[in-house]
Amino acid sequence: MRKKIVAGNWKMNKTLEEALILTSEVVNMVRDEVRGDVEVILCTPYIYLPVLQKYVEEVDRISLGAQNCHQKASGAYTGEISAPMLAALGTPYVLVGHSERRQYFGETDELLAEKVKIALANGLKPIFCCGELLEQRQNEDFIAIVKAQITAALFDLSSEDFGKVVIAYEPVWAIGTGLTASSQQAQDMHAALREHIAGQYGAQVADDTTILYGGSCNEKNAAELFACPDVDGGLIGGASLKSREFTNIIKARM
Ligand code: PEP
């Protein structure tokens, strides 16, 4: 059985004080209101991870994730954070290949393959983000483009390692724009990606792979998106910065 996950990507938002307030509110609401087997992940700025750890420990189903990691284990890479550092903090998840990393920091699928490997080698679970640009959706075989991102970054993993990866399909045109993929568009892509994974790793691994949808998901559209058979949860940006809305999205996945 694959996991249901709702992950929040805070991006570069919140002061420490605001981060503590948001986390306490989410922890309290999830503890009091969320039932069932949905797992909640807060992908916060790196500097808050050690501070927030004790807050999220209060509720079993909540854990932390980083938003990135460097592809090397250590060395002269000023300003960077490594997978072993995150692992030593006890951070279980790391986002890899968010479209903002691809777009503003030039991250390629080849680089992302290295990041996925170093994350796994250090016991972190990568949440691998993929998705097409608007021009690609309008003019190209966009399903093939997203499949190729997965092939390039993930398909030389062993099945055991692949089984630790969460996929987040995030159409770039829907991220932070208020435009959401329709539930049919999301389902079509998720089903195509699951079939692609089955072609490489077999039906059982594909069936066990958690595939999240991300892109302007909010408390109004979450239930419809999560009702799709191949949509296992969400990666939530803007709406994860508001505790009530984020909790409502989690409840839509219960
Ligand atoms: C994201 O950053 O991963 C994301 C999906 O953002 P938003 O929900 O704001 O579109």
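Glycine residues also receive a Cβ, built from the backbone N, Cα and C atoms like all the rest.
For His98, the entry in TrEMBL reads active site, electrophile. According to TrEMBL, the active site, proton acceptor annotation covers Glu170. The substrate binding site annotation in TrEMBL covers Asn9, Trp10, Lys11, Gly176, Ser216, Gly237, Gly238.
For Trp10 (substrate binding site), the same-chain residues lying six or more positions away in sequence with a CB closer than 8 A to its CB are Ala19, Leu42, Cys43, Thr44, Pro45, Gln67, Ser240, Leu241. Recorded residues Gly238 (substrate binding site) and Glu170 (active site, proton acceptor) have their alpha carbons 14 Å apart, per Cα-Cα distance. Gly238 (substrate binding site) counts 19 other C-beta atoms within 10 Å of its own C-beta, drawing on all protein chains shown. Shown in sequence order, Ile175, Ile236, Ala239, Ser240, Leu241 are the same-chain residues outside Asn9, Trp10, Lys11, Gly176, Ser216, Gly237, Gly238 whose Cβ sits within 8 Å of the Cβ centre of the substrate site. The CA atom of the residue listed as 'active site, electrophile' is located 8 Å away from the CA atom of the residue listed as 'active site, proton acceptor'. Applying an 8 A CB threshold to same-chain residues 6+ apart, the list for Asn9 (substrate binding site) reads Cys43, Gln67, Leu95, His98, Gly214, Leu235, Ile236, Gly237, Ser240.
For the recorded positions listed here (Lys11, His98), the lowest count of other CB atoms within 10 A around the CB belongs to Lys11. In this entry, substrate is bound by Asn9, Trp10, Lys11, Gly176, Ser216, Gly237, Gly238, whose most widely separated C-alpha atoms sit 14 angstrom apart. Taking each Cβ in turn and tallying the other Cβ atoms within 10 Å, the top scorer among the binding-site residues Gly176, Gly237 is Gly237. A sphere of 10 angstroms centred on the C-beta of Glu170 (active site, proton acceptor) encloses 27 other C-beta atoms.
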